[in-house]
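These come from TrEMBL:
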| type | residues | note |
| --- | --- | --- |
| DOMAIN | 94-507 | domain 'SLC26A/SulP transporter' |
| DOMAIN | 556-644 | domain 'STAS' |
| TRANSMEM | 96-116 | transmembrane segment |
| TRANSMEM | 122-142 | transmembrane segment |
| TRANSMEM | 163-186 | transmembrane segment |
| TRANSMEM | 236-255 | transmembrane segment |
| TRANSMEM | 302-326 | transmembrane segment |
| TRANSMEM | 379-397 | transmembrane segment |
| TRANSMEM | 453-471 | transmembrane segment |
| TRANSMEM | 477-495 | transmembrane segment |
| TRANSMEM | 507-538 | transmembrane segment |
Amino acid sequence: MDEKKKYLSASGYSLRGSNYSINIPQDGIINPGYRGSSEFMLDEEEPKSTTEQIKEIPSKLKKKAQNAFRKKNIYKRIPIFNWLPKYSKEDAIGDVIAGITVGLTVIPQALAYAGIAHLPAAYGLYGSFLGCFIYIFLGSCKDVPMGPTAIQSLATKGSWQKAVILCFLTGCIELLMGIFGLGFLIDFVSGPVSSGFTSAVALIIFTSQVKDIFGIESSGGTFVQMWRSIAENMHAVRIGDTIMGLSCIVVLLLMREIPRKWKFHHLNFANGNKLFQLLPNIKIGPKNDDEKNAFHKIINKTLWLVGTARNAIIVVIGGAIAAYFYNKGNTDLLIMIGEIPAGLPSFQIPPFSIPAVVNETTGEIIEEGLNFMDLISELGSGLVVIPLIALLENIAICKAFANGKTVDATQELIAIGTANIANSFVQGYPGTGALSRGAVNNASGVRTPMGSLYTGILVILSLLFFTPYFFYIPKAGLAGIIIAAVIFMVEVRVVKPMWRSKKTDLIPGLAAFIACLVLPLEIGILVGIGLNILFILYHASRPKIHMEKAITPNKGIKYLLLTPDRCLIFPSVDYVRNLINKQGLRTQVPVVIDCTHIYGADFTAAKVVETLVKDFNTRRQPIIFFNLKPSVCGVFEGVSLDFKLYYDYEALELAIEELNIIGSQNSLHPQINRIATAESA
């Protein structure tokens, strides 16, 4: 006989909060703990009353507060303390190169993203430096460059006051989510929903820039509305802007990707299996770096820099062309972004209200003012969705370059929340880490979050010294930069593997994609998440139950062994009860519920199980629970459920034979003395 299935003689050791007993060896020696599904602790202490538990709350809070200021927690929540003492000269060199390279990417992107948010170009730069400095202290990922992103910009619409107060409130919500450990909320956004949302956003951003490519006016808040407006205004297409915009897109794509069929002497691609290769990955010369001469190294570095800083190069060239024609008198050839205030933004409290716009001559109110509550009402669901989107973007970067390390979503919420709060005091709008900038940061050899210092400094220098030159940057050129970036965000490649693995996953992804195109963005992603949760709830409400007919070895008594595959919660219990009752009525034999996989239950489940037990007792049919976890036992005991529980196969089969004899004599009573045995460790 297996030593793990000893049949133990009766002894009266009571479980806390229970009126049934568990047998222990006659020598009184209890093995140290029970393993697996039968694990529980024996405790002779009486449970504390609610009043006693309430009195203990202040001391528990005090203890938590003391733990919060322990060195371990401080180092965890202020990550700079971990890496700064080990900072080296090599780290500094890598961070300087990466920071400047990312800065060359951030500046044109920030100017372009402000247009997506319907804000003056300067506000993109305002949100691109202070958050970088904050992230150095609180960020846990070296590859995250804080700043505006395409998705965040699309979700930020309205006046600059609304954008700034949205930045402040978004930061507060993100910080509170981090403090209360709500980083797990990202788990409710599945991969298909995230892909559908990202693809829809890419198409919406693409559509929002078409008007600047053609130099026309358009309106509308959704994908369909914008295209309808574009179609109505296509008669006003401007030739100069169209040529500039399309040329920028073509050049950027050529600088980004080189077709594999193009042949060059001594050309070595980083990954020959891909159809297209990134320009920075093109290598000239021998494959072995030690065999390359100075010429090869200079060319490779130049190609890498050109491919990485392509956005800045396009802005400079486009601005030079626009300035040439503008100074020659062709002021209407290209639409330019215009004046940008020189200098840094003033440090001030975010606007918690918007004053009314009044005609100074007549005193007539042109636009009604808004108080704080009006602003909250207008921002609406964006206050929930934008922080979630920010977390999604940020965690995507962290996971992409984690190299096997764990990602602390809670710490990232604290970091980006604090950064957004700080940005709101310098008129920035909501931002987070961008995957495109993160890829540049990683490829540039960033070593620590200190790289963000040099990115922020470069943005500050541009605000102090280069804003007069930003006047000449053509809007069509910025639109081309955005379009060349977002077309790669459409995640068509995930459809085929998703179809092969699980076709139903396409439904919430497709729903999120369509809803984001037809409805406002924040409503669209909520539709996708809601549908995904419905799928989860349906799956939870229909647990699979393995049914097996068994016979006791001694007397050959038939019984039915039912094994549910998951926990019992309110959506599933009626389904489980009906199925068990149906099988019980059909077989008319003792029924054993193997609870090995039931790791949780709730009050509703306990009440339904109580009814199930009564149903079986009414028709004198034994029902027995096997291997029930102590936590579930506690839930059942809360409703004074009277049930039979066993942890040992031999005792279970003996009880089935005994109960079957009693049942055949028609003397089975609903209230049966509970007998249990425990499996030895």
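Cβ from N, Cα, C; glycine included.
A contact between the transmembrane segment (379-397) and the transmembrane segment (236-255) is absent, since fewer than 3 of their C-beta pairs, 6 or more residues apart, lie under 8 Å.
Counted as Cβ pairs under 8 Å, contacts with the transmembrane segment (236-255) are highest for 477-495 among 163-186, 302-326, 477-495, 507-538.
Contact check: the transmembrane segment (122-142) against the transmembrane segment (507-538) gives fewer than three Cβ pairs closer than 8 Å, residues 6 or more apart, which falls short of the contact criterion.
Most Cβ pairs within less than 8 Å of the transmembrane segment (477-495), among stretches 96-116, 163-186, 302-326, 453-471, 507-538, belong to 96-116.
Using a cut-off of 8 Å between Cβ atoms, the transmembrane segment (453-471) and the transmembrane segment (163-186) share fewer than three residue pairs, counting only pairs 6 or more apart in sequence.
Tertiary neighbourhood of the transmembrane segment (302-326): same-chain residues 101, 104-105, 107-109, 111, 244, 248, 251-252, 255-256, 278-280, 282, 284, 333-334, 336, 440, 443-444, 469-470, 472-474, 476-478, 480-481, selected by CB-CB distance under 8 Å and a gap of 6+ residues from either end. Note on the transmembrane segment (96-116): residues 122-125, 127-128, 145, 147-150, 152-154, 205, 208-209, 212, 305, 308-309, 311-312, 314-315, 337, 434, 436-437, 440-441, 444-447, 450-455, 457-459, 462, 470, 473, 475, 478-479, 481-482, 485 of its chain, located 6 or more positions outside it, place their CB under 8 angstroms from a CB of the stretch. Counting residues per DSSP class in helix, strand and coil order gives 42 helix, 17 strand, 30 coil for the domain 'STAS' (556-644). Long-range contacts of the transmembrane segment (163-186) within its own chain (CB-CB distance under 8 A, at least 6 residues past either end) are made by residues 117, 119, 123, 127, 156, 350-352, 375-376, 379, 382-384, 386-388, 390-392, 395, 408-424, 427-431.
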